[in-house]
Amino acid sequence: MARVVVDVMLKPEILDPQGQAVANALPRLGVNDVTSVRIGRRIEIEFAGEPDLDRAREIADKLLANPVIEDFAVHVDAAGTVKPASDSQESQPAEAPA
Amino acid sequence: MSARIGVVTFPGSLDDGDAARAVRIAGGDAVGLWHADADLHGVDAVVLPGGFSYGDYLRGGAIARFAPVMETIAAAARGGLPVLGICNGFQILCEAHILPGALIRNQHMHFRARDQRLRIEAVQPVWTNAFNDSQEVVIPIKHGEGRYVADERTLDELEANGQVIARYLGGNPNGAQRDIAAISNAAGNVVGIMPHPEHAVDALTGPSTDGLGFFTSMLKFLAGAPGLAGSGGAGGSGRPAGAASTAPADQGAS
């Protein structure tokens, strides 16, 4: 399985009220040295064959991101090839023994 | 026979019923259009109603933009077909790049539902000819992602070309740049508006009947401009001039 990751972020000049709300909540955690939080979106695309970055870019430009307000970056996720293993790892740290 | 106005239903559309009713109250024939059907069935104009098309997944309007009906509407809009996008319909038009800019999360993060004062900034032939210059109207808003944004150059162009159709008065409800509530494309046949004119067409259920002006404007425009592009009219017989002039007579009926 070939996984391509698309990261979508609001352009720097676009206000991110969601990120601001999170930043404003951090002092409640006792965190006072964060100056900015901005929230984006990570999209994982699985290609049936070889990972196709050009195709992923086209998908991102047309649908996944709105180039009027967002920037995006694509990269092949090497870890994507060992997906089953990483999945089972993630599900392992279950709750404390009952 | 009156003008035929298409109202598109996407999965997740909410206000298609009210939009069709507004068309009828204004004196037009409302024709239901289906998102998966690329055929516009010969309509003379199109309304893209509010709601949450395709669940607003990804971004509002992002997926609806690729619906078969939208491909046809985009092409027809470039040919001059009158199109009004309301709320989610406005978002779809921006996502499809038929209108410039974008609509993003309200600045204060809250959903806003209230009766909103607006000023009509541009009396243009297709969608606002029923209004007076700088007329103040009251039309409901209800949205969480209605903050209009565009780069400064685009905003300056909109202002210079008279494409800012309406602005918020009495407090900007979402942080929209330059208080913009509605814009048009350069040709003026496509308008996107965040407030809901279709909810202000009847004194019984709306805060005013100010919203009706958008629909009567468009019908008046169609009556005066037979043979308009878009629906590919096969013959002149189907669209009598003066179709809209009978409109006000129906108004008391509801």
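One is the number of the first residue shown, and numbering goes on along the chain from there.
Glycine too: its Cβ is placed from the backbone N, Cα and C atoms.
TrEMBL does not curate its annotations; it predicts them automatically.
Annotation for B:Cys87 (active site, nucleophile): spatial neighbours B:Asp15, B:Pro49, B:Gly50, B:Gly51, B:Lys142, B:His143, B:Gly146, B:Ile193, B:Met194, B:Pro195, B:His196, criterion Cβ-Cβ under 8 Å with sequence separation of six or more. DSSP gives B:Cys87 (active site, nucleophile) a coil state; it is part of no helix or strand. The annotation active site, nucleophile is assigned in TrEMBL to B:Cys87.
TrEMBL lists B:His196 (among others) with the feature active site. Other Cβ atoms within 10 Å of the Cβ of B:His196 (active site), summed over all protein chains shown, number 25.
Cβ neighbours of B:Glu198 (active site) (same chain, under 8 Å, six or more residues apart in sequence): B:Asp15, B:Asp18, B:Ala19, B:Arg21, B:Ala22, B:Val47, B:Pro49, B:Gly50, B:Ile86, B:Gly211, B:Phe215. What TrEMBL lists as active site is B:Glu198 (among others).
Per TrEMBL, the feature compositional bias 'Low complexity' maps to B:240-254.
According to TrEMBL, the feature region 'Disordered' maps to B:231-254.
Under DSSP, B:His196 (active site) is assigned to coil, being neither helix nor strand in the three-state scheme.
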